[in-house]
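S.K.: Here it is, the structure, as structure tokens.
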Amino acid sequence: MTVMTAPAPAAAVAAPIPTAVPAASPAAGPVWQPVCAVEDIWPDTGVCALLGGRQIAVFRLADGGLHAIDNHDPNSGANVLWRGIVGDLGGEPVVASPIYKHHYRLRDGGCIENPDTPLATHAVELRDGIVWVEA
Amino acid sequence: MHQQRLVVVGNGMVGHRFVQELLALHPDLPAAGLAVTVLGEEPRPAYDRVHLSSFFSGTSADELSLVEPGFYQRPGLRLRLNARVASIERRNNTLQLADGEVLAYDKLVLATGSYPFVPPVPGRERDACHVYRTIEDLEAMQASGARSASGVVVGGGLLGLECAKALRDMGLRTHVVEFAPRLMVAQVDDGGGRILRRKIEDLGVQVHTERNTAEITDGATARHRMVFADGSWLETDMIVFSAGIRARDELARRCLLAVGPRGGVVIDDHCRSSDADIYAIGECASWNEQVFGLVAPGYDMARVAARHIGGGADAAFAGADMSTKLKLMGVDVASIGDAQGRTRGALSCVFTDEIKQIYKKLVVSADRKRLLGAVLVGDAAEYGTLLQMMLNGIALPEAPEQLILPAADGAAKAGLGVDALPDGAVLCSCNNVSKGQLCAAVADGARTIGELKSATRAGTSCGGCVPLVTQVLNAELKRQGVEVTNHLCEHFPHSRQELYHLVRVGGIRSFAELLHRHGTGRGCDICKPVAASILASCWNDFILNQDQARLQDSNDYFLGNIQKDGSYSAVPRVAAGEITPEQLIAIGRIAKKYDLYTKITGGQRIDLFGAQVHQLPLIWRELVDAGFESGHAYGKSLRTVKSCVGSTWCRYGVQDSVGMAIRLENRYKGLRSPHKIKFGVSGCTRECAEAQGKDVGVIATERGWNLYVCGNGGMKPRHAELLASDLDEATLVRMIDRFLMFYIRTADRLQRTSTWRDNLEGGLDYLKAVILEDSLGLGAELEAEMAHVVGSYACEWKKAIEDPALLRRMRTFVNSDAADDNIVFVRERGQIRPATAAEKLQCFKGIAVVAETA
Ligand SMILES: Cc1cc2nc3c(=O)[nH]c(=O)nc-3n(C[C@H](O)[C@H](O)[C@H](O)COP(=O)(O)OP(=O)(O)OC[C@H]3O[C@@H](n4cnc5c(N)ncnc54)[C@H](O)[C@@H]3O)c2cc1C
């Protein structure tokens, strides 16, 4: 959390800007990193991992499937997707953003209500009870 | 151009409708050469007399008004209130007001309505003797009611019984005294009258028929004694005369216009009196020797007269159907067409069930082909069908008795089939809505009965046509290929109400089991929170156990209210808004420590904004230590019980509203429901807690508490309605228990009590029957269900901060103690607020918190 002490003249700066979430990964390319024990993610819920400054939402489905997508919800500008309700629409696993209820497909990050705002997805694996994510 | 001076006498329901019709024809009055003056004797512009009785259940005079603000402020139109016309001078086309002023007219419209007839009984002018016609009459009745324990209505007609209900609702011992041998002589026959009487008496109103009041004198045990012609007597504190109405034709009589044999200004088919410059419309007019005591024929006359004055010679009044259906104190009564069988050769067919107290009669033409009339008492479900058969001359089936006999196997009877009706058939006669108009509204997108009602106004007055209107809706939707389903979502082929039933009856305690037994797929953000809410309403298990946590909306999951930047707010419970200095200091200290934005809410408590997920348990640990509990601001559950300061401090208060509010808030806190629930408790009728804008409103009276339900502020404000009066605390709580549980059982997903009530077939009377009279026999069950929820309450935050597994979940990052750097605050007026996107950009540049923007 950051608090600016000087009140900024809000009206002075008009245009909305892209959010502050860091863009693609550093030049070195993605690397596999351990995130948490699998029991730390209750079935059909998500957690958020901070990997190299990037926020990644990791979900565990009741059938054991694991998915990782960006945590940033481009439709609300908030980092909240790990806190959405997990379910399916027409059999396709999705998470619903808690802010304005946009649905994102867990498999490919596509947004059902707004195809212009897909999310990056990340490889995820379970190794000896530990969840690993490539980011 | 010569202006035609048009004067309307009377600004009642029909007089006002006349002006509306005139404006529809001539939107620009001066351009049409019209100068219109409306003279009304009452102190206020036209109001809805038909719903006058709702004044007693909380509808204000303003809400009853039929006149939109500014309506009479337009060129060429003038409304004068408190202006009684004293005489008409036809020789020179002038009239004189009571204050002596003289006005000239070219055309005059009389819309003076009628007055209540008071039999010439000695003593009728005594104090606390009333009539039932204007808002002022009702205010006077209210004042008398407040200092009375008993009341008598003279007259057992339609209005008399409505009035008896008002007295009973005021908590008075109520009697109805009728001159004739039965109630509602005009509408029902002997058999129907007998059943009606028994039903009304069962509801605690005493009926005395064949009583002719001879005199009213001082009473020994009450204010008055009514002495009857047979020497018997009855003592009572107040009396309301409702012994019929008489046309107000005195102006016409004095200027020698023709008057009908039973009173009323004689009019022709164009609503013209015996003087071609004078029209009469509404209850003051007599057409074909008939005076019409209902509003619909008056509206029709208003339309005809407005057209005729504008030169439309073809418009004609052709009489009116006087069929009526009403619910009197929860008893259905309907009368259709020739109810008494007066047509020559008419045959009747009667069904009486003295056990269930139902009476039904058909009147059939001599050739047995057509329905002439009907009487229904105790169950009027067939009203709409029978009325349409009568009005449209639809051929009777082979065995007409089947129309009123209960279906043998208990299955629903085949109705008339709305397809049989012509498009022109008027289904809602109160608002003159035809089947064709309903079909058009469905074609324009109305999908629910609520939408259809607001699009067409059908069913919004007496509600008698709602079953038929629903049939038309469903038939039309089906025709358009719209599947009529109330399924919650793709995972459950059930409505919320059905799921609730399945959970309770099946003893289902987890979402997995519910999905397995009644659904498909994984569930979604629609059905999961609904299931969570139902499970909590039924069993009240901890909402954050492993099965249920994943069903919860983010708000319930983190026991806070998510804000647009993903941070949360925390609201500790401050029952009834009563808070100690120590508690205030504690909240202030905690808010300061975590630098939270604080704001007083509309529900008399304090909201603390700007907490990140990982801060919530820390903040709540301190709040719990300071003695606070969760305020459930995040839940679809009881929010607050707002109160005024009450009799403890206030010089007007009559009861301790704060104490009551605290007890209610503590009783229902944590109760999960289809939507949020708000209460209000006021210590007197000044209503400072605005209880009538709440789902449950409690208002103190001298004798106990009045209970109001189904109010709402917010997007679509709705006044709460009076459910019961002068309850003691134990009864009040029982009635609220039943009301809330019945709502939880039957409402749709995210349906506030106000919309639930608007969609409840049978309306307020049905709700009263279920809650107060236990007509469904559910009372004890509903109370027991509530007792379970109340008994198993536990503060969710207190549990959460003791649960290590849960605390591990309440972290911003699973693998780091960092905070979300996308949550940025700016100071304004001494507190934090979320930074705008532009401000964030500045911040990131200046302080370089963004690590890798490579
Ligand atoms: C409690 C109650 C319940 C009812 N329920 C129903 C129902 O369910 N269905 C139904 O169809 N009908 C019902 N009615 C009847 C309905 O209200 C009337 O049919 C309707 O109001 C008639 O309209 P009107 O304009 O003719 O008369 P009113 O509405 O009475 O208006 C006449 C107006 O003229 C004014 N006036 C009279 N003389 C003068 C004068 N000399 N100078 C100036 N002004 C004057 C009066 O003060 C009054 O304001 C009910 C009536 C009451 C009282």
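Glycine residues also receive a Cβ, built from the backbone N, Cα and C atoms like all the rest.
Note that TrEMBL annotation is computational and uncurated.
Straight out of TrEMBL:
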DOMAIN    B:5-296  domain 'FAD/NAD(P)-binding'
DOMAIN    B:323-393  domain 'NADH-rubredoxin oxidoreductase C-terminal'
DOMAIN    B:427-474  domain 'BFD-like [2Fe-2S]-binding'
DOMAIN    B:562-624  domain 'Nitrite/Sulfite reductase ferredoxin-like'
DOMAIN    B:635-758  domain 'Nitrite/sulphite reductase 4Fe-4S'
BINDING   B:CYS644, B:CYS650, B:CYS684, B:CYS688  [4Fe-4S] cluster binding site
BINDING   B:CYS688  siroheme binding site
S.K.: Give me the sequence-ordered set of same-chain residues, not including B:CYS644, B:CYS650, B:CYS684, B:CYS688, with a C-beta within 8 angstroms of the centroid of the [4Fe-4S] cluster site's C-beta atoms.
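M.R.: Surrounding the site, in chain order, are B:VAL645, B:GLY646, B:TYR652, B:GLY653, B:SER657, B:SER682, B:GLY683, B:ARG686, B:GLU687, B:ALA689.
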S.K.: Please work out which residue of B:CYS644, B:CYS650 has the most C-beta neighbours within 10 angstroms of its C-beta, and give that one of the binding-site residues.
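M.R.: For the binding-site residues B:CYS644, B:CYS650, the Cβ with the most other Cβ atoms within 10 Å is B:CYS644.
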S.K.: Tell me the Cβ neighbour count for B:CYS688 ([4Fe-4S] cluster binding site), meaning other Cβ atoms within 10 Å of its Cβ, over all protein chains shown.
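M.R.: Excluding its own Cβ, the number within 10 Å is 18.
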S.K.: For the domain 'NADH-rubredoxin oxidoreductase C-terminal' (B:323-393), would you mind checking the mean pLDDT of the predicted model?
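M.R.: The predicted confidence over the domain 'NADH-rubredoxin oxidoreductase C-terminal' (B:323-393), as a mean pLDDT, is 88.
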S.K.: Which residue counts does DSSP yield for the domain 'Nitrite/Sulfite reductase ferredoxin-like' (B:562-624) in the helix, strand and coil classes, in that order?
M.R.: 28 helix, 15 strand, 20 coil
S.K.: Using a Cβ cut-off under 8 Å and a sequence separation of 6 or more, which residues in the same chain sit near B:CYS684 ([4Fe-4S] cluster binding site)?
M.R.: B:SER647, B:CYS650, B:TYR652, B:GLY653, B:VAL654, B:GLN655, B:ILE699, B:ALA700
S.K.: With helix taken as DSSP H, G or I, strand as E or B and everything else coil, how many residues of the domain 'Nitrite/sulphite reductase 4Fe-4S' (B:635-758) land in each class?
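M.R.: Secondary-structure composition of the domain 'Nitrite/sulphite reductase 4Fe-4S' (B:635-758): 39 helix, 35 strand, 50 coil.
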